[in-house]
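Per TrEMBL, the features are as follows:
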REGION    1-86  region 'Disordered'
COMPBIAS  61-73  compositional bias 'Basic residues'
DOMAIN    88-279  domain 'SAM-dependent MTase TRM10-type'
ACT_SITE  ASP210  active site, proton acceptor
REGION    279-338  region 'Disordered'
COMPBIAS  283-296  compositional bias 'Basic and acidic residues'
COMPBIAS  308-328  compositional bias 'Basic and acidic residues'
COMPBIAS  329-338  compositional bias 'Polar residues'
Amino acid sequence: MSSEILPAFSETSNVERKQDLNEDQEENQKPGLGEGFEPISKRQMKKLMKQKQWEEQRELRKQKRKEKRKRKQLERQCQLESNSEGSDRKRIRRDVVYSPLRLIIDCSFDSLMVLKDIKKLHKQIQRCYAENRRALHPVQFYLTSHGGQLKKNMDENDKGWVNWKDIHIKPEHYSEFIQKEDLVYLTSDSPNVLKELDESKAYVIGGLVDHNHHKGLTYKQASEHGIDHAQLPLGNFVKMNSRKVLAINHVFEIILEYLETRDWQEAFFTILPQRKGAVPTDKACESSSHDKKFTRVEGGLNSDSSEEENRNELDSPHKEEKQDKENSTESTVNSILH
């Protein structure tokens, strides 16, 4: 009995397997989307989905293109307006008249400065360069004896200096290419006072930031080499209770301002920072006469012993005001650099 059942069971399982194989073949032979009866891979399915999304977003893309065109039109309009303003600036720039005056920063004091002061010198030179580029009457700007610590610092921190325009940067000393009779060394220690600038001359500014450690050095060198020297007429227009020593960029900017205005007083008080506490000489004279008058009043009060308390009340605030002024002047003068 068991032998009869086993053949029947095996025949039944074989029939089922054949049916499964036929179903698989029919499933594989079902037509794909747009590709006849070939099966569709996952990559092809992704492509079909992307194509479908592309078709669905057609209108959205049109709208974005319209917005982009409008945005570009607005940008072009703004650019035209800015160009019209720029053309005005260019017209102003074309009105610039270059001065034949040569202004030299003498960088031959490199070995006398520490790195901190070299960096300050570099910043002051940058300021001079920028102001000369903006000036209505720019000078012929020279940077001489360029090398050593200064050049190294500029190479490391300001590589763009090699592309500076309207400036002559030379490793040579200024005396090697400018005639001695054309030179005027600007130094606050000189007894000569400039009345006006001779634009046929070459004026030299000492590139020395030393916090007054080398007083009179530039004047001494100019005298030893037989170079004419002078100081700006600062004392004729400005009252300062200390040495009239200015930063390099301040001297440079004052000369640029004078070339534009031809007025020393306006040039000084346009450029000098308020922290220096400088006042015009006429106001200083008025203040001096007021102090003398006040002293005479004190003398009169001293003759009357009954008014001693009134004299002290007047004297005390005056002393405090004068002391505050002196302290302010000392603090500003101490910050002045060569």
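Note that Cβ sites are derived from N, Cα and C of the backbone, with glycine treated the same way.
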Count the residues of the compositional bias 'Basic residues' (61-73) that DSSP assigns to helix (H, G, I), to strand (E, B) and to coil, and report the three numbers in that order. 13 helix, 0 strand, 0 coil
Rounded mean pLDDT for the residues that make up the domain 'SAM-dependent MTase TRM10-type' (88-279): 90
